[in-house]
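*Asks:* Copying in the features that Swiss-Prot gives for the protein in this structure:
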BINDING   HIS16, ASP165, ALA166, LYS167, ASP240, ARG246, LYS247, ALA263, LYS267  ATP binding site
BINDING   ASP18  Mg(2+) binding site
BINDING   GLU44  K(+) binding site
BINDING   GLU57, GLN100, ASP240, LYS271  L-methionine binding site
REGION    100-110  region 'Flexible loop'
Amino acid sequence: MSEYSIFTSESVSEGHPDKMADQISDAVLDAILKDDKHARVAVETLVKTGMAIVAGEVRTSTYVDLEDLIRQVILDIGYNSSDVGFDGASCAVINAIGKQSADIAMGVDEAENKDMGAGDQGLMFGYATNETDVLMPAPIYYSHRLVEKQAELRKSGAHAWSRPDAKSQVTLRYENGKPVAVDAVVLSTQHAPGVSQAQIHEAVMEEIIKPVLPAEWLHSNTKYHINPTGQFIIGGPVGDCGLTGRKIIVDTYGGMARHGGGAFSGKDPSKVDRSAAYAGRYVAKNIVAAGLADRCEIQVSYAIGVAEPTSISVNTFGTGKIDDGKIVELVKEHFDLRPRGLIEMLDLMRPIYRKTAAYGHFGRELPEFTWEITDKADVLKAAL
């Protein structure tokens, strides 16, 4: 973190239209994997006023009632009435899903005594830092927690005036590579008509910002921007078209680490865009948990149809306790980063993905999120 004295990250709530699309895509993936763990799935979603469109490629032996599923996801998020601008019970649902290309399947499927090839070429990054307990960058971690708290209060009825769409942004000041103060915080929440800005400001400050952000980081010069436009009644898919895969920085490290460009949601684990990024997080987190470095970024790359990664590289940004090249050797020794290997290592052929589609794929230590486990830390620590 030595290259920055101030750093900003943002997050969005589950009711943001792009996150709606991600959740729908991952709900479709989960429903298919539940009955067919060997299915091939690549599903994209678009949501706009009065409609949800799903498209993509699938190969599966199971049947899913997509219309009912998609409606339920929208209702679960909180879009259940025309009063909030979108109603999962009455919106149009359009299905444009086709079959997976036989050419792609040929390169990816396992033949007898042969490793599964990568589902596509590409490069993926994993990252960890010891600036938070969950080994995530603090700006993105707290940005997620703010909008997660907004949703919690909305759903509980404590903020009955609040609506599903919301965004947050946190700017932290760093000293010697560690966060020490909040320079600015932004929280915009969609709301019902007739609610005063004074009421919104007080509720957001006292019941969202102060309970979430560390008190010692808030100071007299911290800048607070709560619904800075003054009104946020029109939101969700009415305000903006939502698409799967448009929040890839929100999904990962808030811009503090590099990104290979591939989105996650709607993709089964044979797509290394997703599975290798999860494995990269697992590797980097274990390296930092082991004390081999304060910060660690790993890059892996693949060729379609080829099992072995075309490259593995590690950067500890000068914080490593041993040489980065030695860490690469430890990674190759203790982590199987072939597509089949990382799927088995992290038990990814499960219907666990809808939970990942809001509030961050990384830094949430849920039982299903195997890539957050630090079970390799002890064996890596032996290298010190």
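A Cβ is built for glycine as well, from the same backbone N, Cα and C atoms used for every other residue.
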*Asks:* Let's check the environment of GLU57 (L-methionine binding site): how many other CB atoms sit within 10 Å of its CB?
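*Replies:* The answer is 16 other Cβ atoms.
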*Asks:* Please compare the binding-site residues ASP18, ALA166, ASP240, LYS247, LYS271 by how many other CB atoms fall within 10 Å of each one's CB, and tell me which has the fewest.
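*Replies:* Result for the binding-site residues ASP18, ALA166, ASP240, LYS247, LYS271: minimum number of other Cβ atoms within 10 Å at ASP240.
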*Asks:* What is the total of other Cβ atoms whose distance to the Cβ of the residue listed as 'K(+) binding site' is within 10 Å?
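*Replies:* The answer is 23.
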*Asks:* Give me the long-range Cβ neighbours of HIS16 (ATP binding site): same chain, 6+ apart, Cβ under 8 Å, in sequence order.
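*Replies:* Non-local contacts for HIS16 (ATP binding site): ASP165, ALA166, LYS167, GLY236, GLY242, LYS247.
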*Asks:* Please average pLDDT over the region 'Flexible loop' (100-110) for the predicted structure.
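*Replies:* It averages 55.
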*Asks:* State the Cα to Cα distance, in Å, between LYS271 (L-methionine binding site) and ASP18 (Mg(2+) binding site), rounded to an integer.
*Replies:* 21
*Asks:* Just checking the binding-site residues GLU44, GLU57, ASP240, LYS267: which sit within 10 A of the residue listed as 'Mg(2+) binding site', CA to CA?
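*Replies:* Matched binding-site residues: ASP240, sequence order.
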*Asks:* How many other Cβ atoms are found within 10 Å of the Cβ atom of LYS267 (ATP binding site), counting all protein chains shown?
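*Replies:* So the Cβ neighbour count for LYS267 (ATP binding site) comes to 27.
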*Asks:* Where GLU57 (L-methionine binding site) and LYS267 (ATP binding site) are concerned, what is their Cα separation in Å, rounded?
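*Replies:* About 10 Å separate the Cα atoms of these two residues.
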*Asks:* With H, G and I counted as helix, E and B as strand and the rest as coil, say where DSSP puts ASP18 (Mg(2+) binding site).
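*Replies:* For ASP18 (Mg(2+) binding site) - judged by DSSP and reduced to three states - the answer is helix.
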*Asks:* What is the separation, in Å, between the Cα atoms of GLU44 (K(+) binding site) and ASP240 (ATP binding site)?
*Replies:* 17
*Asks:* Would you identify the secondary structure of ALA166 (ATP binding site) according to DSSP, in three states?
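*Replies:* Its secondary structure by DSSP: strand.
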*Asks:* Is LYS267 (ATP binding site) helix, strand or coil when read with DSSP?
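*Replies:* LYS267 (ATP binding site) sits in a strand per DSSP.
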